[in-house]
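TrEMBL has this to say about the protein:
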DOMAIN    27-518  domain 'Major facilitator superfamily (MFS) profile'
TRANSMEM  19-37  transmembrane segment
TRANSMEM  94-116  transmembrane segment
TRANSMEM  122-146  transmembrane segment
TRANSMEM  191-211  transmembrane segment
TRANSMEM  217-238  transmembrane segment
TRANSMEM  330-351  transmembrane segment
TRANSMEM  371-388  transmembrane segment
TRANSMEM  395-412  transmembrane segment
TRANSMEM  424-449  transmembrane segment
TRANSMEM  461-483  transmembrane segment
TRANSMEM  495-514  transmembrane segment
Amino acid sequence: MAAVPPGIRLLVSFDRDQWYRALMFILTFLLYTSFHLSRKPISIVKSELHRNCSSINELATIASSSSQQPSLPSLHTDMDCSWKPFDKKNYKQLLGAMDYSFLCAYAVGMYLSGIIGERLPIRLYLTVGMLTSGLFTCLFGLGYVYNIHHLGFYVFVQVANGLVQTTGWPSVVTCISNWFGKGRRGLIMGLWNSHTSVGNILGSLIAGYWVSSNWGLSFIIPGLIIAVMGVVCFFFLIEHPNDLKSMYAQNSSPGKRVNGHPELYTQYKDNKTQAYCYYEDSVQNRKSYDTELLLPRDSVCPPAQPVVVVKRESEPSAISFMGALRIPGVIEFSLCLLFAKLVSYTFLFWLPLYITKTAHLDAKKAGDLSTLFDVGGIVGGILAGVISDKLGKRATTCAVMLLLAAPTLYGFSMISEFGLGPTIGMLLVCGGLVNGPYSLITTAVSADLGTHKSLKGNARALSTVTAIIDGTGSVGAALGPLLAGLLSAGGWDQVFYMLMTADFLALLCLLRLVTKELTSTKPRPISAVELKEH
């Protein structure tokens, strides 16, 4: 008999629950990757919307000065060299207003999204959000196809897209937290949260491919991708492992018969009682469920009766907004994320334009180079998760990275003027230090607080807590790009001073929690992965 290949032995070594857990990890990763992939094009297209006027005028000036012949009439107009209404001198403010409209709508919608998400099926809620987000992303690109030059159109699309994109984060965090418990949550969430950077990288590459030839496709293609992923979500997303167990119980119960009658049984799981009927003399096979015989132990089986499912206890109600705020640590981490996300989203929306202006690269090369910031963010998020798991100190881990990030930002503003090599190195370091705390707070910290011991087992607070933390952070995400648009008119140095100030303010918000962690007598490292059940 031939030996079983080692690859097959590896595959069969995992049980069914582990395979489903891996599937949900990958699926939710891809779902939120598509969200960030659809947000990134605007930052790539910015340099194209106001690229042509300045560059073409410079080329025309050089050509006319070097030519001995009389100058010819200009062959371009404002329409040729830029995209109205972004052809004016206040184009930075207009672009900042578009960012602000999206992020402000996102921040307001996030507070409502968590509360709504606790009361609706996650799969359907997320599917609708992704399909509508794909629609509005494509609409922005159709502005190029149909030659639309009204600022109001683009602002409307940004506001609508910001609102529907709020369905994503509370839904995927709740789902992934349902499948993975507190054990090594920082590492798992750090790996999983790299979808943010992966989405930014893919969005930059896809948008950059078409930005110079047809920037409308820079939006239409990502819009189609997130819509397709919404369909995938509808067909494959499993909100909770208990949904699978109930499905297998329903499928397996009609298969066995006792004396010609269907099998009935009682399953106790998660404070709920479901009906089983089991005719056996022993109870040795009761490994997965607590069962209770409903048939007498004799040779006569009574007629089968309708099965009634009875709840032993009423399910806990969804937590209120104020109740979520009273959970220890929610306010501190929410305010910290406000300033941390301000820094991260300023880089997200303005980094390609900054590279274009300082390094004198075209839109595509600047977009490709900006992806290095997200590569550093992947490493920073994973390191933050591993360190916080090892030490059991989430706030302290975030505080140290924030403390290091501020001087690094100043170094980046200085070194970026000295060539491509130093810029690449600083982009990687800045990405890790800026996105590390942001990643940790939005994933592992949110999941920890959403299952805090003060909730006494009520796990229905997770989506609301996640929405409060990320919604507050989104206020900073809205302010950052807006302030960058206003301050950059006076020079990029002012933008970096604003970013460094935000980092120090984020650090101050965590001082009380850091002091509490450092003075705690017992460390709280988490070592084992356990399935969290509601």
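Placement of Cβ uses the backbone N, Cα and C atoms for every residue, glycine included.
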For the domain 'Major facilitator superfamily (MFS) profile' (27-518), mean pLDDT (0 to 100): 78
Contact ranking winner - 122-146, 191-211, 330-351, 424-449, 461-483 against the transmembrane segment (371-388), Cβ under 8 Å: 424-449
Contact call for the transmembrane segment (191-211) against the transmembrane segment (19-37), three or more Cβ pairs under 8 Å: yes
Same-chain residues near the transmembrane segment (94-116), Cβ under 8 Å, at least 6 residues beyond its ends: 39, 42, 46, 49-50, 85-86, 88, 125, 151, 154-155, 158-167, 169-170, 318, 321, 345, 349, 463-468, 470-472, 474-475, 477-479, 481-482, 484-486
Interface check, the transmembrane segment (461-483) with the transmembrane segment (395-412), three or more C-beta pairs under 8 A: no
When counting Cβ pairs under 8 Å to the transmembrane segment (395-412), the leader among 122-146, 217-238, 330-351: 330-351
Long-range environment of the transmembrane segment (330-351) - Cβ separation under 8 angstroms, sequence gap at least 6: 39-40, 42-43, 46, 99, 103, 200, 324, 370, 373, 395, 398, 402, 405, 409, 430-431, 434-435, 437-438, 441-442, 445-446, 449, 465, 468-470, 472-477, 479-481, 483-485, 488, 495, 499, 502-503, 505-507, 509-510, 512-513
Folded-back contacts onto the transmembrane segment (424-449), same chain, C-beta under 8 angstroms, at least six residues removed: 169, 173, 176-177, 182, 185-186, 189-190, 192-193, 196-197, 327, 329-330, 333, 336-337, 340-341, 343-344, 347, 369-370, 372-377, 379-381, 383-385, 388, 394, 397-398, 401-402, 404-405, 408-409, 411-412, 415-416, 462, 465-466, 469-470, 473, 506
Surrounding residues of the transmembrane segment (122-146) on its own chain - C-beta under 8 Å, 6+ positions past either end: 31, 34-35, 38, 41-42, 83, 116, 153-154, 157-158, 160-161, 164-168, 171-172, 174-175, 214-220, 222-231, 233-234, 237-239
